[in-house]
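Trainee: Quick one: the structure is below, questions incoming.
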Amino acid sequence: MALMMKSSASLKAVSAGRSRRAVVVRAGKYDEELIKTAGTVASKGRGILAMDESNATCGKRLDSIGVENTEENRRAYRELLVTAPGLGQYISGAILFEETLYQSTASGKKFVDVMKEQNIVPGIKVDKGLVPLSNTNGESWCMGLDGLDKRCAEYYKAGARFAKWRSVVSIPHGPSIIAARDCAYGLARYAAIAQNAGLVPIVEPEVLLDGEHDIDRCLEVQEAIWAETFKYMADNKVMFEGILLKPAMVTPGADCKNKAGPAKVAEYTLKMLRRRVPPAVPGIMFLSGGQSELESTLNLNAMNQSPNPWHVSFSYARALQNTVLKTWQGKPENVQAAQAALLKRAKANSDAQQGKYDATTEGKEAAQGMYEKGYVY
């Protein structure tokens, strides 16, 4: 009887030990560096320049100004961006495409070194794009987990210190349970792999603007997606202090008749964040998602009119580059003017991050919409 009691006690002890081990928080070798990197990117008055367009998408941008899509033209445009004088005052990080990570200026200086001199943290797009998700109503899933650990290790060696993975969620097509879970689980696995390689993961489940849905439906979907995403990140022992989020703002669909101004967008977006995002997360870096330059800046400014538990900032591509590209036109003599346009937009969003943006200084071009239905990044 005593032996049975002893055995029972031993089994309970072993079971308790296993239970405790099962919930031990990860302790990776890069944890301190991840927290430091995330803090640098999420620094006051600064945000992210997203310049990670694929070569095909970059080609569309160049074609819009009559410039041929060659590696040299892509390099020249990217050099214009990263060498803008004083850019680091407003930009804390830049997301690069793989080609860009290894490119250099015309004088032979690596882009990553140019960025580091301005205290701009180099980042890298690591997903491999979207493909149709079987047995759903036109939804998609994101490729790129195969070999991601090796790629992240190589990107770290090349100077990258954060990563980005973009999945998308379509409201008109669902989202279905399978699409929502696939999106969330893929983001969680990516985040865990990136952290283990020393890269701060930017987590981006983009809820597309496509559709006629109202702002309440957008709120409902965003809350569901972020709940799933944080659940799976917790399961994968992702360290929340070493991640950044890149959500879409909570807005009505592009075809909804009931539009929402900055105050309402801010109200709904902050409501979603407070319900779903732990305060341990250092930074919320919003995507513009096809909003005009002016609209995306006004909405960000509205969200920073009162203190938030996180650094609420921007990670814009088109909303920073649209006027820049039109000013440049592929001509060397326009580089200085194009860089001035970039700095103007970067400063505007820096001011918005601090809640002190003044829209009276904007020109008509900033209000031009950039929404494209079914946009492929």
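Numbering starts at 1 and runs along the chain as it is shown here.
A Cβ is built for glycine as well, from the same backbone N, Cα and C atoms used for every other residue.
Relevant sequence annotations retrieved from Swiss-Prot are reproduced here:
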ACT_SITE  GLU204  active site, proton acceptor
ACT_SITE  LYS246  active site, schiff-base intermediate with dihydroxyacetone-P
BINDING   ARG74, LYS164  substrate binding site
Trainee: Where among the binding-site residues ARG74, LYS164 do you find the Cβ with the fewest other Cβ atoms within 10 Å?
Mentor: ARG74
Trainee: Do me a favour and check the Cα-Cα span between LYS164 (substrate binding site) and the residue listed as 'active site, schiff-base intermediate with dihydroxyacetone-P'; whole Å is fine.
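Mentor: Just about 9 Å between their Cα atoms.
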Trainee: Could you give the Cα-Cα distance between LYS246 (active site, schiff-base intermediate with dihydroxyacetone-P) and the residue listed as 'active site, proton acceptor', in whole Å?
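Mentor: On Cα coordinates alone, these residues lie 5 Å apart.
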Trainee: Could you measure between ARG74 (substrate binding site) and GLU204 (active site, proton acceptor) for me? Cα positions, answer in whole angstrom.
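Mentor: With distance taken Cα to Cα, GLU204 (active site, proton acceptor) is 25 Å from ARG74 (substrate binding site).
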Trainee: Enumerate same-chain residues with a sequence separation of six or more from the residue listed as 'active site, proton acceptor' and a Cβ-Cβ distance below 8 A; give 'none' if the list is empty.
Mentor: LYS164, TRP165, ARG166, SER167, LEU187, LEU245, LYS246, PRO247, LEU287
